[in-house]
Every structure is written in C-alpha cells, then in structure tokens.
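Scroll down for the structure; my scribbles are underneath it.
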C-alpha cells in the first residue's frame, strides 16, 4: 500500500518531527567527518569574512565587481551556515531528529539563498558584460544605485519565489516513519515523505527549478558569448589577457555552482538515489562555498594585493 492509501485508511499518523539519516551508515567515521566538516566550515566562514573585510577596508576595491563579490561572500557564509552546523551536531549524537517547523525553517533559508545565488551570479556576469563590451558606458550603467537595485532584485527574487514554493511544500501532510534519506531538509527527500500523491507537486517543482535555475544560467552563457567575442576582437594580447583574467574567477564559480545544481534539481526522479543526492549536496553546500574564497584570492590579482596590504598594515600596527 502507498502512503496515500494508508493515510485514507487511517493507518498512518502525521509526523511531528523528522529523522535525518545523514551519514549513519558510516558510524565508525562520524568523528572524522565531524573534524573534516568543521574545518571546512571554519575555513569557509573565515575566508569569506576576510574577503568582505578586505573589500570594505580597501578604497580601490569599492567598485561594482567587488560590491557583488562582497554580496556573494556574505551569501556563501549564510548558505553553508544553514546546513553545516546542524550536520555537525548530528554527527555527534545518536538521535538525529528535527521538528517539522525546524525542517521548514531550514528549507526556507537554504532555498532562498540558493536561488539568490543563481540571480547574483547572473548579475555579476552582467557587470563583466558591461565592463568589457561597453567600457565607455560602464560608470553610467553600473552606478551605485543600479548596483543596489540589482543586488536587491536578486535577494527579492530568491525570497519571493522560494518562500512561496517552501510554504506550498509544507502544506502537504507528512506521515510514516518521517525518515529523511539526507543530512538536511532538501526539497525532494522531504516531498517523498508526503502521504498524498505528489506527482503534480514534483512536476511544478521541476518547472520552477528549470525556470529559475536555467534562466540565470542562460543569461550568463549569453553574456559570456558576447564577452568572448569582444575580447577576441581586442588588438593587444595584454588587453585580451587582462579582460579574460577579470572573468576567470567568476566562470569557475559559476561552473562549480551550476554544475551541481543542474545535476541535482533537473535530473529525473528515477535518477535520484540517497547516496548520489548526498554526494552532490555536499558539493554545493560545503565544497563550493569553501572553494570560492580560494578561487577569488588566488586568481584575482587585485584582491591578493589588497589582502597583502591589509596584512602588512596589521603587522606594522602590532610592531609599533
């Protein structure tokens, strides 16, 4: 019998809390995983906080590109913090439970931040597009008020769309054992616990994911096609190299983020398995946010130089 049939017969009661399977099958490695994920979490938060502080304290970095980078760093800190702290606690305890309200709260925060990042990465691509393709109009098109509006629009899109979707998901009745085959409250593992037929819900979720993940992705692709064509027309090799270098970090971050997001949310239901879902989820919840500070500091000359100056200033103050 399906959950919906059992629910009609009154054989199942509604869930008041969920149990996260997490990494229970790796019982002997729980402490090792705790240390690894804690180190990655602290590195990610510290790295992104450092980028924000360097941009804030360096006047030469008060430009649209670094304004959006600071936004991205703040978003990444929130993004990883919506998942990892709870995962760390569950690695140390036997009973890995979460209330339905707590699960909903986690999904609200996680999905809002995820969609906001999609939009923010598209905004950063637009910034590079204007800077390279229309350099004479850059200061006009990307003045501070425009940057604030673009960043605000990214956040508002994430909040409005994902608040509506998550609210809709949690209007479903959940019953049975309440066991989530995941380490956090992701969309599909939670929907699978519903006591009713969710085929229509899954179609709507797929459509929403397709529209709001693919639209920014296609915008980014179109922007970089124009950017590459413009760069190839530049007469000097030095100019081409400089233009490419300002885009390389963003391209790497987009590839990491969208690669895992597309694999996770746009694959057919039949392709979803607990193990593959966990692996891909670790990529976009832990690994990608941890790599972003590395990418933007190692591959960005201006950020590296600014970081070195800030570090030297601190050393001089300590010596004095």
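Backbone N, Cα and C define each Cβ position, glycine as well.
If you look up TrEMBL, you'll see 47-296 marked as domain 'G-protein coupled receptors family 1 profile'. Positions annotated as transmembrane segment by TrEMBL: 31-56, 68-93, 105-126, 146-164, 203-229, 250-267, 279-298.
The largest share of C-beta pairs under 8 angstroms with the transmembrane segment (146-164) comes from 105-126, of the ranges 31-56, 68-93, 105-126, 203-229, 279-298. Averaged across the domain 'G-protein coupled receptors family 1 profile' (47-296), pLDDT in this predicted model comes to 87. Each of 31-56, 68-93, 105-126, 279-298 was scored by its Cβ pairs under 8 Å to the transmembrane segment (203-229), and the highest score goes to 105-126.
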